[in-house]
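Below is one structure, written out as structure tokens, with a few remarks after it.
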Amino acid sequence: MDTKAFKRSLHSSNQYHRKGFGHEAEVTEMLRFEYQSSLIQQIRENGNRFQRGEVTIQLAEAFGFCWGVERAVALAYETRQHFPTERIWITNEIIHNPSVNQNLREMQVEFIPVDEQGQKDFSVVAGEDVVILPAFGASVQEMQLLNDKGCKIMDTTCPWVSKVWNSVEKHKKGSYTSIIHGKYQHEETIATSSYAATYLIVLDLKEAEYVCNYILNGGDREEFLHKFRHAYSPDFDPDRDLVRVGIANQTTMLKGETEQIGKLFERTLMRKYGPDQINQHFLSFNTICDATQERQDAMFKLVEYPLDLMVVIGGFNSSNTTHLQEISIEREIPSYHIDSADRIGPGNRVEHKPLHRPLEIKENWLPEGPIVVGITSGASTPDKVVSDVLEKIFALKSTSPALIP
């Protein structure tokens with residue numbers, strides 16, 4: 001499929017929307033009421049440090065809702081305002097935050113059902129319905145299906161994600177295989193790969209090293225295909241399709257690792273084909289999201305403070321939140337990833353998600369005496385959720401009445 005031509009055609013359709021409908025003032029007030037917090041604003045104005053009783057909070061300099069997330073949520077709210085009686089669907093979670101997605105459900109925005117095989121069932125969508133595409137985007141195939149049905153489409157895809165798609169289009173135009181640094185099952189990576197002619201998804205530097213070793217030294221083709229069996233394009237052949245490669249990434253991956261992977265492939269292809277031929281075999285574009293980078297940079301600064309523990313707040317399926325937790329764990333700071341204040345209590349206990357493990361309960365997680373707690377949150381986490389977590393921590397450590405944010 002000529003994905004570029006399809007996008008041009010879709011974007012010119014009267015049924016397709018990627019801007020608001022004129023309800024900005026009303027929606028802004030709704031979002032302020034539901035997601036902002038005066039306590040968090042107070043802490044920001046105090047240099048991101050705040051003390052109450054025995055608890056000192058050190059907030060990351062950058063955390064929480066990014067511009068792309070705010071835009072997506074606002075467009076979803078505007079869509080409901082503009083189509084008050086129409087049936088509205090969304091192809092996936094608008095963002096990876098349970099409270100925001102629950103609010104959409106309460107606004108009668110329905111999620112496309114998924115069958116036992118994990119496939120979305122679009123048969124429930126009628127031509128007169130409205131369909132929201134989430135911040136992560138949607139695959140070309142999904143957009144084509146919805147367009148063929150004649151649905152009204154509200155596209156809230158983050159512009160940074162669209163930037164990655166444009167890079168992948170350039171790979172395709174130059175007959176380069178797209179090496180995508182990401183998680184093959186993540187909605188954004190699924191959408192990105194749908195724009196590529198040939199692609200291979202690598203999760204981390206270790207997988208990238210395996211691929212680069214294969215490029216230089218060859219190897220067991222069947223072993224390669226089995227190892228990446230969920231992560232490459234149809235008919236992918238490692239002996240044929242790794243001669244010319246371009247680098248792209250899921251925008252929420254660790255910036256440093258994406259850069260390492262890009263440099264590794266560049267060095268590998270330079271060794272194989274020579275410095276004078278590198279432009280014929282390697283293509284790289286900077287597709288790292290500014291907001292992801294800012295939050296990661298802020299986390300690296302935060303872990304330099306003398307902290308007793310770290311609380312990382314965000315959806316458990318949020319890639320950017322997980323990477324923030326990784327930074328804390330690398331510094332050997334006790335770290336607790338929670339998705340809401342409901343995970344704290346009763347008493348001095350917390351239900352949290354350790355890295356790459358299921359939820360578990362930790363008793364007596366807050367130490368006795370004065371403590372300094374580092375706080376950050378993923379790009380899909382509202383300030384109100386962070387504020388609720390802080391109030392729970394203050395309540396556990398102090399008998400003073402909780403401040404109402």
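Yeah, the Cβs are placed from backbone N, Cα and C, and that goes for glycine too.
Bear in mind that the values here come from a model prediction, so they are computed numbers and not experimental data.
Of the residues HIS186, HIS226, HIS281, HIS352, Swiss-Prot puts just one in the (2E)-4-hydroxy-3-methylbut-2-enyl diphosphate site with HIS96, THR251, SER318, SER319, ASN320, SER380: HIS186. Binding of [4Fe-4S] cluster is attributed by Swiss-Prot to CYS66, CYS289, and within the candidate set CYS151, CYS158 the record adds CYS158 to that site. Max Cα-Cα distance over the annotated (2E)-4-hydroxy-3-methylbut-2-enyl diphosphate binders (HIS96, HIS186, THR251, SER318, SER319, ASN320, SER380) is 15 Å.
Listed in sequence order, the binding-site residues near GLU188 (active site, proton donor) (C-alpha within 10 Å of its C-alpha) are THR251, out of THR251, CYS289, SER318, SER380.
With a 10 A radius on its CB, CYS158 ([4Fe-4S] cluster binding site) counts 24 other CB atoms from all the protein chains. The shortest Cα-Cα distance from THR251 ((2E)-4-hydroxy-3-methylbut-2-enyl diphosphate binding site) to any of the binding-site residues (CYS289, SER318, SER380) is found for CYS289. In three-state terms derived from DSSP, GLU188 (active site, proton donor) belongs to a helical segment. Under the DSSP three-state reduction, CYS289 ([4Fe-4S] cluster binding site) is assigned to coil, being neither helix nor strand.
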